[in-house]
Amino acid sequence: MLKKNDIVEVEIVDLTHEGAGVAKVDGLVFFVENALPSEKILMRVLKVNKKIGFGKVEKYLVQSPHRNQDLDLAYLRSGIADLGHLSYPEQLKFKTKQVKDSLYKIAGIADVEVAETLGMEHPVKYRNKAQVPVRRVNGVLETGFFRKNSHNLMPLEDFFIQDPVIDQVVVALRDLLRRFDLKPYDEKEQSGLIRNLVVRRGHYSGQIMVVLVTTRPKVFRVDQLIEQVIKQFPEIVSVMQNINDQNTNAIFGKEWRTLYGQDYITDQMLGNDFQIAGPAFYQVNTEMAEKLYQTAIDFAELKKDDVIIDAYSGIGTIGLSVAKHVKEVYGVELIPEAVENSQKNASLNKITNAHYVCDTAENAMKKWLKEGIQPTVILVDPPRKGLTESFIKASAQTGADRIAYISCNVATMARDIKLYQELGYELKKVQPVDLFPQTHHVETVALLSKLDVDKHISVEIELDEMDLTSAESKATYAQIKEYVWNKFELKVSTLYIAQIKKKCGIELREHYNKSKKDKQIIPQCTPEKEEAIMDALRHFKMI
């Protein structure tokens with residue numbers, strides 16, 4: 001039995017979702033940082049539980065041809081670039097696989113094509129926003145990034161994936177904080193003044209916002225600090241203060257103050273101008289966000305008479321991008337400043353058919369339903385926790401033709417798609433987009449279409465209404481699906497089962513009238529699944 005500090009030779013067979021190597025030894029699964037599939041290593045055991053363990057690389061015996069040898073390991077240790085040791089083409093393949101695996105394991109979906117992940121031409125130095133902790137390290141005020149799975153600061157000046165100008169602003173602010181002897185936050189003692197520095201920079205405009213996150217309102221000589229940093233970076237148009245006096249991991253507190261200039265920066269997205277406030281959500285990779293949103297727009301196949309609901313609308317980036325091409329846009333966002341920004345952004349771009357409210361997405365959806373607003377397309381871009389069940393049910397009740405789902409967490413997206421399918425929607429397209437190169441995170445766009453008589457034949461059998469002989473089994477669709485999965489590990493749809501039943505001469509009761517249109521889009525059962533269904537029908541003595 002392996003124990004702590006044992007050294008053993010292992011081969012890495014897989015990667016976890018977070019990018020750790022996976023090795024199997026003596027019936028245990030070990031997770032190893034900075035190890036890639038096909039690599040053989042000497043592994044030191046760090047920790048062992050009943051079924052899993054953790055190890056670290058003592059020595060590489062065989063290295064992967066896909067290893068990026070040039071990566072500074074500080075970016076791995078901090079988690080800034082937890083996939084940076086893997087070549088970029090392989091990162092994209094890894095992310096495509098993550099999306100496919102989640103859809104299959106969580107939603108049971110294997111028959112919808114997942115397109116290859118859209119990558120970035122230059123996959124470094126892309127982030128338009130930095131959130132940098134300020135701490136004392138060896139007696140000196142430092143800025144940097146926390147070591148992975150800890151709150152121990154690693155001093156850094158080059159963050160690898162951030163806009164280089166943002167890195168320069170952070171270093172300049174660090175030096176000024178030292179010069180003016182402003183005390184960094186001490187998490188253990190709950191003391192000190194400066195907790196975090198947040199810097200935004202417009203990808204197209206170049207405008208810069210600086211946010212000082214402090215534990216109390218008064219900042220000694222703050223006017224002089226601002227004067228000095230603006231001398232170095234005249235592109236700074238906004239200096240904000242956020243006051244966070246709570247014992248929390250949250251970056252921002254509730255109180256905001258404008259110390260210099262305006263309380264927003266302006267940048268462009270898909271041809272529109274957007275004002276971006278300090279607390280507002282705005283995608284951190286502008287170049288790839290435009291591809292992400294354009295994909296969602298293309299998937300939705302918008303028409304002039306479409307009515308759009310833009311849930312989790314942020315500052316209106318996607319809703320305002322489509323407003324000029326549709327009849328109406330209704331957006332909902334929980335952050336008041338973001339709603340105010342979206343309303344200003346609509347005016348800024350002379351858009352009059354976009355309407356925004358401050359509320360939870362599920363509450364707004366229910367209110368709009370009561371008001372008789374009938375959307376044809378719903379756009380959702382929720383946080384990592386995904387959609388609530390009440391929102392999904394309310395959105396399905398609208399009868400919207402199409403739902404374009406933008407997700408930053410494929411696991412919760414797969415969970416939500418599963419419920420949408422139960423409520424009469426079908427997954428049609430999936431496109432991963434790499435908004436976060438060098439990390440394990442991936443954004444995904446999925447298109448759901450409502451099943452209707454114009455495009456699909458949906459059949460349902462009511463066995464109790466059929467005249468079955470004593471030899472026939474009353475196997476339900478669910479039982480047939482379960483049998484096929486247990487024996488063949490294949491997922492088969494109700495439609496496929498119905499097709500094979502019809503082929504075998506089993507009479508079906510149609511749930512809907514068949515469409516009279518010539519061009520019906522009806523998926524056809526594959527030969528492999530047909531044989532599995534036939535086996536099930538024989539098992540249940542239905543043929």
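A Cβ is built for glycine as well, from the same backbone N, Cα and C atoms used for every other residue.
As written in Swiss-Prot, here are the features:
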ACT_SITE  C408  active site, nucleophile
BINDING   Q283, Y312, E333, D381  S-adenosyl-L-methionine binding site
DOMAIN    1-59  domain 'TRAM'
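Features recorded in Swiss-Prot, as mapped to the structure shown.
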residue : record                               : CB count, 10 Å
Q283    : S-adenosyl-L-methionine binding site : 23
Y312    : S-adenosyl-L-methionine binding site : 21
E333    : S-adenosyl-L-methionine binding site : 28
D381    : S-adenosyl-L-methionine binding site : 24
C408    : active site, nucleophile             : 18
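Mean per-residue pLDDT, taken over the domain 'TRAM' (1-59), amounts to 95. Excluding the listed site residues Q283, Y312, E333, D381, the same chain places F281, S313, G314, T317, I318, P382, I406 with Cβ atoms within 8 Å of the centre of the S-adenosyl-L-methionine site Cβ atoms.
Straight-line distance linking the Cα atoms of E333 (S-adenosyl-L-methionine binding site) and C408 (active site, nucleophile), rounded to a whole number, equals 17 Å.
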